[in-house]
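Undergrad: Input: one structure, supplied below.
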């Protein structure tokens, strides 16, 4: 019988972080590096736990090389060929593989390709198993299969939005569970399927479930600005995956388009018409597109955006009195709000000029 849960679920836009007394004198005093030991692989991670999404307009080899300079992670999209992987490995800095994951679906072809790439590139340490609906039994079985084949690799898996499924994926072999259904800027699942979960509440609940098993969670989607990234960490996310904020740069995928003397880059969801026609030839007759395609202003080199995101996180830590990023979730108190910002002069803002690549 249908039922309604009456407890309100919250998104990033519904809250702000309350400022608290702080002993920090400067944002420069904040330490963003985290160190994790993963439950199943037993491997140790050290870095800044911001992650570029495994979309083909974001998770590129070029993005991985650029973000590695900041100790930021990249999940490489799954549509690179084995030969492209080998060419990248031949030219990449060895330490890039400390901040990089190979992504895979769960089909037989995906399994074959995953095995081939890992055989050719033994330096790979991370595997990202990515499906839109992480609640299927076939997905759980695939995680078990990968864990059995690669016991020392760290496995990211998702997406789900509820605690009981987080526990299921961790107990099946996942080290990091990706949390988020429908919050992304170019995702339309909530409109097409009517399914989803507000991202802040999803992260709060899933982090609680994962941490009880010594597992980890990655908030995936819904961050439209650096403040949202800080809120995700404050809600208990161990990693925060970003798509749209990393799109539109020199290192991003997507076609560069000129219109009326201005430059734009194409950005689209991986379940959009654009993505399915590009990678599969058409949209299967039994399904609907659950993503959209947009043109976003060209942003130049990604390093400027990285500085903006990390600066925002440092500022949030300073306001809440968290000297280390790991303290932010302990220091965070969220207040519900009816309005976040004063948008009086938004139509008159001077646009940022993209910084050229070096």
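Think of each number as a place in line: the chain as shown, counted from 1.
Heads up, the Cβ atoms here are built off N, Cα and C, so glycines get one too.
Residues or ranges marked as active site, thioimidate intermediate by Swiss-Prot on the basis of sequence analysis: 187. Positions annotated as active site, proton donor/acceptor by Swiss-Prot, on the basis of sequence analysis: 189. The feature NADP(+) binding site is assigned by Swiss-Prot to 26-27, 78, 130-132, 181-182, 270, 286-287, 315-318. Feature annotation from Swiss-Prot assigns K(+) binding site to 182, 184, 187, 190. Per Swiss-Prot, GMP binding site is recorded for 220, 221, 222, 243, 244, 269, 270, 271, 287, 288, 289, 290, 291, and the stated evidence type is sequence analysis.
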Undergrad: Counting other Cβ atoms within 10 Å of each residue's Cβ, which of the recorded positions 131, 181, 187, 270 comes out lowest?
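TA: Comparing Cβ neighbours within 10 Å for the recorded positions 131, 181, 187, 270, 131 has the fewest.
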Undergrad: Select one residue from 26, 189, 289: among these recorded positions, choose the one with the most other Cβ atoms within 10 Å of its Cβ.
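TA: Result for the most crowded candidate: 189.
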Undergrad: According to DSSP, which kind of secondary structure is residue 187 (active site, thioimidate intermediate) found in, if we only use helix, strand and coil?
TA: strand
Undergrad: For residue 78 (NADP(+) binding site), which of the binding-site residues 182, 190, 222, 244 has the nearest Cα in space?
TA: 244
Undergrad: Select the most exposed residue of 78, 190, where exposure means the fewest other Cβ atoms within 10 Å, treating these as the binding-site residues.
TA: 190
Undergrad: Among the binding-site residues listed here (26, 131, 181, 182, 184), which has the Cα closest to the Cα of residue 222 (GMP binding site)?
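TA: The answer is 184.
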Undergrad: What whole-number Å value do you get for the CA-CA distance of the residue listed as 'active site, proton donor/acceptor' and residue 289 (GMP binding site)?
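TA: Between the alpha carbons of the residue listed as 'active site, proton donor/acceptor' and residue 289 (GMP binding site) there are 9 Å.
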Undergrad: How big is the gap, in Å, between the Cα of residue 318 (NADP(+) binding site) and that of residue 244 (GMP binding site), rounded to a whole number?
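TA: Their Cα atoms are separated by 25 Å.
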Undergrad: Tell me, in order along the sequence, which recorded positions from 26, 181, 184, 187, 190, 270 have their CA within 10 Å of residue 220 (GMP binding site).
TA: 181, 184
Undergrad: So of all those recorded positions, 187, 244, 291, which one's Cα sits nearest to residue 181 (NADP(+) binding site)?
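TA: Ranked by Cα distance from residue 181 (NADP(+) binding site), first place goes to 187.
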Undergrad: Using Cα coordinates, what distance in whole Å links residue 270 (NADP(+) binding site) and residue 184 (K(+) binding site)?
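TA: Distance (Cα to Cα, whole Å): 11 Å.
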Undergrad: Which of the binding-site residues 26, 244, 291 has its Cα closest in space to the Cα of residue 190 (K(+) binding site)?
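TA: Spatially nearest to residue 190 (K(+) binding site) by Cα position is 291.
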Undergrad: For the binding-site residues 222, 316, which one has its C-beta crowded by the most other C-beta atoms within 10 angstroms?
TA: 222
